[in-house]
Structures are given as C-alpha cells and as structure tokens.
C-alpha cells in the first residue's frame, strides 16, 4: 500500500513539473501576433481578407484579450475596453449585466474588412495605438455599495497607469505635447461597457482622481439628475444611488464642472442630450440646472440638424478634457429596442453616429455606453450592433486626438 502511495506521489509530482515547464506563454499557436492588432487571415497576395469573425473567443472587435486586472497587469496599453456587468440600480427592466457580453458579440464584424472609418479617415486599430479588451470588472450582484466600489477600484486601476505610447508632437505646430492630467503623466483611456447607468458615478470618481472636475457630454433619454427623494424615494442610503440619481451625486461630490459654480471656479459646463421622456414636473429642470447641465432635446434635430447640435456641444465643452457617457436609450427603440427604460422619439443610429463624429478633435479622456440589455433585443442583434458601432465612432475620435496640449509661454 505504501508503494502505491509513493508511486502516486511520484506520478503527481512528475505531472506537475511537466505542466509547469510548459508555461502559458509557450502554449500559443504558431505565428501568433498579439500586438499590434492584425487580421488572422490574408489572401495569397498579402491583402486582408474577410476573417471568420463568427469564430474564436469574443472580445470587442476581436481585440487582444489582456487580463489587465490580474496576472497581466504589467502590460501597458493606450485604450482599454472593460466591462461593468452591473444592473441592480435599474428602475424598470433589468438585464444590463449582460450588456458587456452582448456588445462584444455585436462588435464582431467591426474589423471584417480591416476597420477603416471612412468619414473620419482613420483606422483606429492601425493608428499605432495598443488597444486591448480587459474583460470585465468582477462585480457582485448582491451588494450595490460593494459593487460600486468594485467598479471604481477596477476602473481606477486601469486609468491610473501610464499609457503605452508616448504623446509625441503636435501635428500642426510640431511642438511637444504635454499631458492634460493633473499629475502631469500621460494616462491611457478606458471605454466601459455597461451595465446600467449607475456605474457612471464610480467611473467619474475614478476620472476625478486623474483629471479633477470633468466636463461631461451625456447622451440619454432621461435627465438622470433627479434628487433621490424624487427618483426612488431613497428608502435607504444605498437605494438613493441608482441609474436616475448618479449625476445628482456626481454634482454634489464636485466630480463634474458644475455650471452653478462657473463664476468662482470652473470655465465650462456639462452638457446632455435629453430626448422625449416625461418628467415628474417642471421642477425637474430646476434640479437639472442646479446640477450644472445645459440641455438639447431630441426634437431640436428637426430645426437645427446634426450640425447645429454638434456646434452647441463644442461651444459648451470648449477644449477642456471631456468624459463621454452614452445611454443606448438615446437611440429610438425602432433602432435599439434592448434597453431598460426605452423612450420613443429619439435619434436614429445614423444621427447619433454623425454627431459623435462631429466631436473629432475633443480631448475625450474616457467613455462608456450603458443600459444595453440583450434579452430584449431582436434576433438580428440590432441593439448590440448599434452599441458597438457607436463605440467604433468614439474609438476613432480618440485615435485621432492625443490627450495632450501644446503649452504656450
């Protein structure tokens, strides 16, 4: 009996040593290229061909998967996609915890023919940046307070690193670009896949740690600046933080450039696009004003067009660092039905993409898309494809504009 026990131990030790000898880095396919992004298949003449985008592990736009929060935290990057699968702050239809997975599935064909953005004249995947998919932040579904802290910590862990690529020089003057962060370092950008809109509060707390109070461009069918006593009734301290009150709390915490404080401290205002939902009353606008937001309503596109809306946004945020938050319900449910609180009368997918392209040149430090709930989507994946395409525009704008400025004098 002792002989068999000893023999088993020897076999186990031998197996362990053999397994340890062949580490993870050794077990990769031949000709595997992790950085930079490259299509797997090429034609006989070396030209890019349509890849089998329906196969393989699904990351955003088939980007390299990096375990940024754990064993591969040492790998630097310029832009990271990260999921925040949280939906226990919703007031109507849950399901946005599956948003990150759905958006990744909807993004599979973004690089089918290489990923060149024709209107913006850039291929963000071949712009010399290291762009990765970091997977999801571990988020508990049982404790909102703890989950919100997990999201803040996960996002901050990525944002507070230094970017992989140097800033370089200004394309017009040729002068050296300087970082726009408060600590003088060049930080990467993070694009978050939600999750319900509650996640923006911890995300803005993370942004504040690097950039201070930030200008916000907010696309949504709802104000999301409601006082907790109005939206949800605030039966508990934690219930007061939800997907309709997070901007109220962000304003209270000084995380955004608040218009009510412009005379004493700040030089720009947040902005948000507000379609055609109902309100609890006209006083909702008063609270929205107190939170520092200017508004554009969906129907204004009928009078001033996309160019007029782009002009309003750019005049509002100026050349300040900007955080971009996009609720998928800003798109009319005819084009994006899979969301928690759908509202009719919104913009089309084409209109929103046009407006996002109009942000070219802005210093977008990070962004998110939220409230995608795939369970309510069509079999054709309309909503998840729309979300992925919207982020493709955001990524393209980011790729064209480095987070640096020329210091004058």
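Using N, Cα and C of the backbone, Cβ positions are placed for all residues, glycine too.
Per TrEMBL, Mn(2+) binding site is recorded for 197, 220, 222, 224, 327, 329. Annotation comment: TrEMBL describes 1-18 as signal peptide.
Neighbour density at the Cβ, taken as the number of other Cβ atoms within 10 Å, is lowest among the binding-site residues 197, 222 for 222. Residues 218, 221, 243, 330, 341, 370, 371 surround the recorded Mn(2+) site, their Cβ atoms falling within 8 Å of the Cβ centroid of 197, 220, 222, 224, 327, 329, which are themselves excluded.
Counting only same-chain residues at least 6 apart in sequence, those with a Cβ under 8 Å from the Cβ of residue 327 (Mn(2+) binding site) are 197, 218, 219, 220, 221, 222, 339, 369, 370, 371.
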